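Sequence annotations record features per position, and here TrEMBL assigns region 'Disordered' to 1-33. What TrEMBL records for 18-31 is compositional bias 'Polar residues'. What TrEMBL records for 357-387, 397-427 is domain '4Fe-4S ferredoxin-type'. Per TrEMBL, the feature [4Fe-4S] cluster 1 binding site maps to 367, 370, 373, 416. Annotation comment: TrEMBL describes 377, 406, 409, 412 as [4Fe-4S] cluster 2 binding site.
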């Protein structure tokens with residue numbers, strides 16, 4: 001029986017939507033002449049670069065060292081020569097330090113990269129350190145370091161590891177392809193997460209609009225204690241808190257993490273990367289990226305980390321003349337690009353191209369108090385009230401009204417008949433609240 005959560009929406013997809021790419025096997029993108037590998041590919045402080053201009057590097061070689069506990073190593077996705085350390089614009093308008101490497105097209109792997117040696121004899125601390133060293137982070141978009149997610153404290157025992165195959169964001173199909181093309185890797189990654197976390201129950205949750213992925217995973221879990229749980233098709237079904245509520249019936253307390261509900265949630269592509277790290281010793285150097293929307297040849301491309309997004313678009317027919325916006329991610333939670341030189345990072349699951357016809361946005365008007373945003377909110381907040389408080393600089397009241405619990409899914413803005421920028425205002429309000437907290 002398919003499960004779900006209260007609230008949520010069913011976003012409309014223009015054109016072919018997911019069907020434009022969900023039946024297309026992933027294919028390798030053309031290797032780039034240069035990569036620009038960001039030192040900020042996870043939540044937390046950016047990595048410190050370990051290389052200098054003129055230095056030769058190998059594929060899989062560590063080029064970024066985490067500054068603190070909240071981090072994961074960064075590795076070269078090509079073999080070649082470091083040309084520069086510079087700053088590049090990233091999705092959403094921010095910037096980050098990148099290591100620019102000129103590709104020698106030899107794909108020479110670091111000889112020190114070998115399969116994990118005798119992992120069964122490793123302690124939990126050693127296993128999580130290994131995951132951190134291999135640069136494993138959440139590949140569903142959040143980029144939370146996986147080593148931290150698995151290293152739960154003793155007073156927070158884990159009952160469930162839920163592998164997230166919902167992929168509820170419109171248009172994107174990279175996770176769908178991963179489940180079809182590497183279901184064994186997804187299941188093996190779940191097995192490692194279970195071993196490291198000490199969890200008792202492992203579940204792979206997939207929206208029921210992916211019956212082929214469900215079938216592939218059900219075959220892959222045969223002979224294991226794990227199950228595949230179908231989910232109703234609804235956005236944001238893939239949100240951690242919504243997924244936990246749908247699958248287990250538990251609710252993550254306000255201001256807390258999934259571990260506080262005895263759960264760990266891991267994206268399917270993250271699980272596959274975890275499996276690959278233990279089997280081959282290789283870190284994350286590439287990922288599947290869906291290039292879709294208003295573009296001549298939508299595709300699922302396996303791209304090297306650090307590839308310019310513009311190069312991937314060129315391999316799919318290029319940007320049409322009437323392009324209005326290019327988004328890293330999907331239409332609901334993606335971030336607009338200001339430069340086609342913005343590089344692929346570990347969390348880049350897709351790129352959406354929107355033309356002028358599909359990108360028309362009606363002007364904002366006054367709230368009519370219809371309550372649709374309240375019905376849609378999966379966190380049970382009152383977006384209209386938060387919007388009002390934040391626009392009037394009443395940040396203390398907004399914090400008291402649980403603004404920080406907002407997951408920024410955009411459901412409220414989507415359903416608003418007045419076209420108010422509810423999610424955007426709450427996002428900006430959250431930043432101000434956190435800024436004021438630090439200043440206290």
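Residue numbering: from 1, along the chain as shown.
Even glycines carry a Cβ here, placed using N, Cα and C.
Residue 416 ([4Fe-4S] cluster 1 binding site) falls within neither a helix nor a strand when secondary structure is assigned with DSSP, and so counts as coil.
Mapped onto three states, the DSSP output places residue 377 ([4Fe-4S] cluster 2 binding site) in coil.
The average pLDDT the prediction assigns to the domain '4Fe-4S ferredoxin-type' (397-427) is 97. Between the CA atoms of residue 409 ([4Fe-4S] cluster 2 binding site) and residue 367 ([4Fe-4S] cluster 1 binding site) there is a gap of 20 Å. Note on the binding-site residues 370, 412: the fewest other CB atoms within 10 A surround the CB of 370. Annotated pair residue 412 ([4Fe-4S] cluster 2 binding site) and residue 373 ([4Fe-4S] cluster 1 binding site), C-alpha to C-alpha distance, rounded: 4 Å. When the Cα of residue 377 ([4Fe-4S] cluster 2 binding site) is compared against those of the binding-site residues 367, 370, 416, the shortest separation belongs to 416.
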